[in-house]
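A.B. asks: Can you keep this structure in mind? I'll have questions shortly.
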Amino acid sequence: MKSQPMDNLVYLEYAVAGIIRYWLINSDYKQTIGDRVEISTSLNSWRKVTEGAYLYSEGINPYVGDNFHETPLGLIVFNKLISHIPQWIGIIFIVCDLVTAHVLYRTAQTFMSELFSRQMRKKEKYAKGTETLLLKQSDLVLPPVYVASAYLFNPYIIFSCVGQTTTVFANLCLAFTFLLMIKGQRIACCSVLALATLQSLYPATLLVPASIYLARAESSSSLEDKQSLRASSCILTVVTFISALLLLLYISSELTGGWEFLHATYGFILNVPDLRPNVGLFWYFFTEMFENFRLLFICVFQINATLLYLVPLTFRLHDEPMLLAASLTALMAVFKSYPSLGDVGFYLALLPMWKHLFNFMQQGFVVGCSFLITSAMGPIVWHLWIYSRSANANFYFGVTLAFATAQIFLVTDILLAYINREFSLYHGLHHKGSGKTTKLVLE
């Protein structure tokens with residue numbers, strides 16, 4: 001199958017997805033969706049943005065107090081939009097969402113081509129009888145379409161766009177980070193990653209897979225000492241990222257006339273002062289936490305969200321930096337202090353790139369049912385708690401805990417499927433033991 005019909009199909013999907021979003025944004029459901037705690041948080045709420053823009057236009061520093069938590073760059077841009085073209089804001093959200101889908105589509109195309117090329121180079125090392133596990137040329141066409149479709153028609157993403165959350169722009173930055181990373185464009189990749197880090201801090205962990213990807217791309221095109229070349233490439237990537245981030249921070253301080261924004265942005269993310277419910281885990285624990293132990297457990301939770309999984313996953317997935325980046329993005333969506341469904345929808349859209357691993361996954365049915373049940377039960381339990389008062393916070397946290405557990409099951413299942421497939425490729429699908437032919441399965 002040629003790529004041109006697939007491109008036409010994707011463009012048709014863009015049109016349909018755009019129409020769905022436009023209809024919802026101009027419907028009576030927009031306000032209801034935007035007010036949902038699963039969609040809007042203190043960090044990405046458009047209502048918070050409009051309040052901050054109003055304070056800024058009145059000459060009041062929006063970072064004094066505890067009301068506005070967007071970056072100064074975002075403040076300036078959003079203030080211009082609200083002041084000059086308020087009637088086009090909904091269209092801008094839709095366009096950004098469609099651009100994100102297209103960037104992910106191109107990322108998936110590039111990744112599948114690279115994956116196939118890498119497979120052909122390693123084919124001689126694979127065990128006999130593993131031909132059924134290998135990718136064929138025809139297997140490279142559909143996964144990018146599935147990636148675009150998974151983003152365009154995912155309810156989590158649609159609701160995030162309709163609710164006009166700033167997660168739409170965060171996802172756009174992450175999508176460009178993935179594309180520029182796989183394209184090997186260091187300066188552009190580090191700049192976009194720095195912009196994403198400026199907004200929500202946690203994407204800084206993606207510097208590791210980006211460094212690995214860029215170093216591998218340079219070493220493969222050079223005949224020099226590959227170890228020293230990779231080391232110098234990683235150092236250069238880190239320096240470029242830090243320089244870009246420091247430049248953005250300096251520009252932000254100049255725009256606001258001070259550094260108060262650091263406490264209102266990074267300080268807010270790290271200290272978790274707002275304990276309104278969301279789909280994350282922080283709010284309930286710190287509602288019940290004694291104040292004497294708060295600092296200790298904030299450190300524990302933040303390390304869990306950033307560094308705890310970074311080192312072991314990097315050691316295991318250094319040969320597959322794209323899967324490493326997707327895994328870190330998923331873990332961010334689970335363990336960050338103020339997650340939303342828009343964060344979850346983004347990494348779910350990446351999974352079709354590893355469609356060849358789906359046959360090795362063992363928890364698909366359980367994970368799928370868990371996602372459906374928790375997505376339906378969340379609003380129900382919220383209504384029982386807040387409006388009917390026949391439930392309490394424990395009920396809603398139970399749903400969010402089950403939702404987080406389902407995500408962890410999904411991440412571990414896809415990683416185990418990758419390890420299982422790699423093991424089968426190098427050791428064969430069958431093994432003789434005790435005179436009988438057995439099939440090797442890693443569990």
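Glycine is no exception: its Cβ is also placed from the backbone N, Cα and C atoms.
For 88-105, 156-180, 192-215, 235-252, 292-311, 323-341, 361-382, 394-419, the entry in TrEMBL reads transmembrane segment.
Map the listed features onto the structure and describe their local environment.
C.D. replies: Outside the transmembrane segment (156-180) by six or more residues, the chain places 17, 20-21, 24-25, 29-30, 33-36, 39-41, 43-46, 49, 70, 74, 89-90, 93-94, 96-97, 99-100, 103-104, 106-107, 110, 188-189, 192-193, 195-196, 199-200, 203, 206, 210, 322, 325, 329, 340-346, 348-350 with a CB less than 8 A from a CB of the stretch.
Sequence-distant neighbours of the transmembrane segment (292-311) (same chain, 6+ residues past either end, Cβ-Cβ under 8 Å): 202, 204-205, 208, 270-272, 281-282, 285-286, 327-328, 331-332, 335-337.
Remote same-chain residues near the transmembrane segment (323-341) are listed as 38-44, 156, 159-160, 165, 167, 174, 178, 181, 200, 202-203, 205-206, 208-210, 212-213, 269-270, 272, 274, 278-282, 301-302, 304-305, 309-310, 313-314, 317, 347, 350-351, 353-354, 404, 407-408, 410-411, 414-415, 418 (criterion: CB distance under 8 Å, separation of at least six residues from the stretch ends).
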A.B. asks: In the same chain, which residue numbers or ranges, 6 or more beyond the ends of the transmembrane segment (235-252), come under 8 angstroms Cβ to Cβ?
C.D. replies: 71-73, 186-187, 190-191, 193-195, 197-198, 207, 210-211, 214-215, 261-262
